[in-house]
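Student: Found this in Swiss-Prot, in case it helps:
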- 13-130: domain 'MTTase N-terminal' (DOMAIN)
- CYS22, CYS59, CYS93: [4Fe-4S] cluster 1 binding site (BINDING)
- 164-396: domain 'Radical SAM core' (DOMAIN)
- CYS178, CYS182, CYS185: [4Fe-4S] cluster 2 binding site (BINDING)
- 399-462: domain 'TRAM' (DOMAIN)
Amino acid sequence: MSELQSRTSPFSGGLFIKTYGCQMNEYDSDRMAKLLEKTYGLNLVETPEEADMLLLNTCSVREKAQEKVFDELGRWKKWKAAKPNRVIGVGGCVASQEGDVIRKRAPLVDVIFGPQTLHRLPAMIEEALALRTATEQDKKLKKRAIIDISFPEIEKFDNLAEPESNGVSAFVSVMEGCSKYCTFCVVPYTRGEEFSRPFSDVMAEIESLAKQGVREVNLLGQNVNAYRGEMPDGEMADLAVLIHAVRAVEGIDRIRFTTSHPNEMTQSLIDCYAEVPELVSHLHLPIQSGSDRVLAMMKRNHMAIEYKATIRKIKKIRPDLSLSGDFIIGFPGETCDDFKETLALVKEMNYDRSFSFIYSPRPGTPAASLPDDVELHMKKRRLQALQAMLNEQTAAISEGMVGTTQRVLVERLSRNSTNEVSGRTENNRVVNFEGPPELIGQFVDVLIEEAYANSLKGKLVATPEAEQFNQRQFYAL
């Protein structure tokens, strides 16, 4: 037991965390919650009013990220005023990029930490608490938040709490950071260069989760297919090697990975779609634009034809591959012809649920110095046209699933009905269907009967579990 753990906790309330952004931030927030529960006995609560500690885990990828942080902190002022002993912290990518600004503009904030220093939270909190009892001559110190936005890389993973399952599906961070330096992207400046966790550490986490009942793992990274983890023998394992190892873990029957870069889709990784049945027939592979000219300005270092060739290779192995992507609309210099090339690529590739955004300059990136010469009304029109096409494709794929039998991992009770359970298909569709709670954690076959905007409705197909359920329903009549 650490010195902090051995002392009486200074907190009697709970912990409130608000998370913006990507799945990596969700993973980080989960690890923060477990770390602070272990250190201080803090349990997560639903509202700031219930909390002794309020944490904001931020994202700086999209427009007005900094303003969102200060807007939220403005709303938190009343909670600090009502209970001055509350600890307020800001973490994540905005903290990494704007730490000093936050310290100057938001005196209610006690601690500021980056994505790679969240493991130091307990020590930072202790320092912040100590400042509150500082002598009169140290009053100036009281006005300063404790800040640590450095990049210690792997140290973060070495010092976090043991992984604990929150369900039958789990995120596992295998690498962080980015070394691609696309001209529009702030990630290399907020999360640092790419670094990979050692192979044995990743496997130990997955094996621990499997013993706790996890059936599906989602391998995470800003460029997850750039994973290069050192093995015990000194050799380096790439993502393909890791996937083969994960499939051998008892209890793990479904594997996902996200997010990927087209340049890291190696042949060995593509071969996994033929060799690893546990790997889902779904791939999230951002391209950002269908125009080679725009891709060059973005410094993506690949052409549209290379991207399409990669998808075709995988679809030869998995014809049912579900593809999603990311698109940026209105990048500086984008012409109507460039945008038409994006629409043509989307039409050809047939995307299943994708993300599209209007370009906004991110501070400190090379593209921020370019003239933002695409008028806003034009950006909005292009975005509307792209999203209409993407939504049409997604709806058609959902409708095409009606009448098919899908393998579903049952995750929880349905929010729609107490008689239903909810799970996900390989292409990440939520399916609700009648079934007992005992099915949670099981893979079952479900006949899809109806398609809605955000979910599917189905019927349990004959399995031993389904037969038992149907018998109970019959005798209940």
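Just so you know, glycine gets a Cβ as well, placed from its N, Cα and C.
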Student: Between CYS178 ([4Fe-4S] cluster 2 binding site) and CYS22 ([4Fe-4S] cluster 1 binding site), what C-alpha distance do you get in Å?
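Tutor: With distance taken Cα to Cα, CYS22 ([4Fe-4S] cluster 1 binding site) is 14 Å from CYS178 ([4Fe-4S] cluster 2 binding site).
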Student: If you measure CYS93 ([4Fe-4S] cluster 1 binding site) to CYS182 ([4Fe-4S] cluster 2 binding site) at Cα, how many Å is it?
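Tutor: The Cα atom of CYS93 ([4Fe-4S] cluster 1 binding site) is 17 Å away from the Cα atom of CYS182 ([4Fe-4S] cluster 2 binding site).
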Student: Counting each residue once, how many in the domain 'TRAM' (399-462) are helix, strand and coil under DSSP?
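Tutor: Within the domain 'TRAM' (399-462) the tally stands at 6 helix, 33 strand, 25 coil.
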Student: Near CYS22 ([4Fe-4S] cluster 1 binding site), which residues of its chain come within a Cβ-Cβ distance under 8 Å, counting only those 6 or more away in sequence?
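Tutor: Counting only residues 6 or more apart in sequence, the Cβ neighbours of CYS22 ([4Fe-4S] cluster 1 binding site) under 8 Å are CYS59, VAL61, THR259.
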Student: Count the Cβ atoms, other than its own, that fall within 10 Å of the Cβ of CYS185 ([4Fe-4S] cluster 2 binding site), considering every protein chain shown.
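Tutor: Excluding its own Cβ, the number within 10 Å is 21.
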Student: Would you pick out, from the binding-site residues CYS59, CYS93, CYS178, CYS182, the residue whose Cβ has the largest number of other Cβ atoms within 10 Å?
Tutor: CYS93
Student: Please report the three-state DSSP label of CYS22 ([4Fe-4S] cluster 1 binding site).
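Tutor: DSSP call for CYS22 ([4Fe-4S] cluster 1 binding site): coil, neither helix nor strand.
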Student: Per DSSP, what is the residue count of the domain 'MTTase N-terminal' (13-130) in each of helix, strand and coil?
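Tutor: Summed over the domain 'MTTase N-terminal' (13-130), the classes give 65 helix, 24 strand, 29 coil.
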